[in-house]
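Asker: Okay, these came from Swiss-Prot:
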- Leu7, Ala8, Gly9, Gly10, Gly82, Ala83, Asp84, Arg85, Asn86, Thr87, Ser88, Ser113: CTP binding site (BINDING)
- Arg14: site 'Transition state stabilizer' (SITE)
- Lys22: site 'Transition state stabilizer' (SITE)
- Arg161: site 'Positions ribitol 5-phosphate for the nucleophilic attack' (SITE)
- Lys218: site 'Positions ribitol 5-phosphate for the nucleophilic attack' (SITE)
Amino acid sequence: MIYAGILAGGTGTRMGISNLPKQFLELGDRPILIHTIEKFVLEPSIEKIVVGVHGDWVSHAEDLVDKYLPLYKERIIITKGGADRNTSIKNIIEAIDAYRPLTPEDIVVTHDSVRPFITLRMIQDNIQLAQNHDAVDTVVEAVDTIVESTNGQFITDIPNRAHLYQGQTPQTFRCKDFMDLYGSLSDEEKEILTDACKIFVIKGKDVALAKGEYSNLKITTVTDLKIAKSMIEKD
């Protein structure tokens with residue numbers, strides 16, 4: 001089975017324009033989270049869309065699904081997210097297992113709730129690549145020079161940009177593989193390894209690159225929100 005896991009566990013309101021976490025802010029005529037879920041609803045191979053939200057916001061998320069996506073709510077599960085990204089993925093996979101016991105071939109397409117401009121092509125590419133690889137990371141080529149500084153004051157390295165990519169989401173892998181690899185980490189490793197695909201890489205797994213889009217914007221600042229609103233208006 002193919003599942004989607006939407007990471008919506010953040011509670012930050014640092015934009016300073018609302019008491020709502022970013023994923024619940026309005027973008028056009030509906031919340032960012034709803035825009036994101038809608039993209040996954042369009043992919044018929046996805047059995048369930050599991051949304052991991054902070055425990056304080058579970059009821060709010062359920063209300064939004066009832067209001068904006070009543071025809072699809074049977075395909076959507078709202079569950080409690082974790083304290084960080086990877087524990088949220090873990091909770092999402094546990095919710096999938098509660099819905100239907102996991103098999104070794106079950107795949108989860110994980111995605112940031114605040115990237116509402118994901119395309120169906122990106123979702124389908126992730127699913128296709130995940131059939132033949134251990135994991136998939138969605139990326140775009142780096143367009144700016146990346147500078148490394150180990151002390152925050154002086155440049156220590158300027159890597160070859162031709163070999164560099166900017167990571168986005170989705171990140172896709174088999175549910176059981178993630179649970180096994182994450183479970184094998186020490187507490188210290190769990191603190192350091194906050195990116196799911198990095199866990200696969202350091203464990204020697206095959207992580208394929210899926211082509212992202214520069215328009216696959218992650219809305220984290222007021223400027224990002226302004227750009228997103230202009231993109232919605234153009235559509």
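Heads up, the Cβ atoms here are built off N, Cα and C, so glycines get one too.
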Asker: Given a 10 Å Cβ-Cβ cut-off, pick out the one of the recorded sites Lys22, Arg161, Lys218 that has the most other Cβ atoms nearby.
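Answerer: The most densely surrounded of these recorded sites is Lys22.
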Asker: What three-state class does DSSP give Asp84 (CTP binding site)?
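Answerer: The residue in question, Asp84 (CTP binding site), is coil (DSSP, three-state).
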Asker: If you measure Lys218 (site 'Positions ribitol 5-phosphate for the nucleophilic attack') to Arg161 (site 'Positions ribitol 5-phosphate for the nucleophilic attack') at Cα, how many Å is it?
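Answerer: Approximately 22 Å lies between the Cα of Lys218 (site 'Positions ribitol 5-phosphate for the nucleophilic attack') and that of Arg161 (site 'Positions ribitol 5-phosphate for the nucleophilic attack').
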Asker: List nothing but the largest Cα to Cα distance in Å, as a whole number, among the residues Leu7, Ala8, Gly9, Gly10, Gly82, Ala83, Asp84, Arg85, Asn86, Thr87, Ser88, Ser113 that the record says bind CTP.
Answerer: 16
Asker: In whole Å, how far does the CA atom of Lys22 (site 'Transition state stabilizer') lie from that of Ser88 (CTP binding site)?
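Answerer: That comes out at 17 Å between the alpha carbons.
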Asker: Can you give me the Cα-Cα distance between Asn86 (CTP binding site) and Arg161 (site 'Positions ribitol 5-phosphate for the nucleophilic attack') in Å, rounded to a whole number?
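Answerer: The separation of the Cα atoms works out to 28 Å.
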Asker: With an 8 Å cut-off on Cβ-Cβ distance and a minimum sequence separation of at least 6, pull the same-chain contacts of Leu7 (CTP binding site), or say none.
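Answerer: Looking at Cβ-Cβ distances below 8 Å from Leu7 (CTP binding site), excluding near sequence neighbours, one finds Gly52, Gly81, Arg85, Ser88, Ile89, Ile92, Thr110, His111, Asp112, Ser113, Thr169.
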Asker: Out of Asn86, Ser88, which has the highest number of nearby Cβ atoms, where nearby means within 10 Å of its Cβ, if these are the binding-site residues?
Answerer: Ser88
Asker: In whole Å, how far does the CA atom of Gly9 (CTP binding site) lie from that of Arg161 (site 'Positions ribitol 5-phosphate for the nucleophilic attack')?
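Answerer: Spelling it out, the Cα of Gly9 (CTP binding site) and the Cα of Arg161 (site 'Positions ribitol 5-phosphate for the nucleophilic attack') are 33 Å apart.
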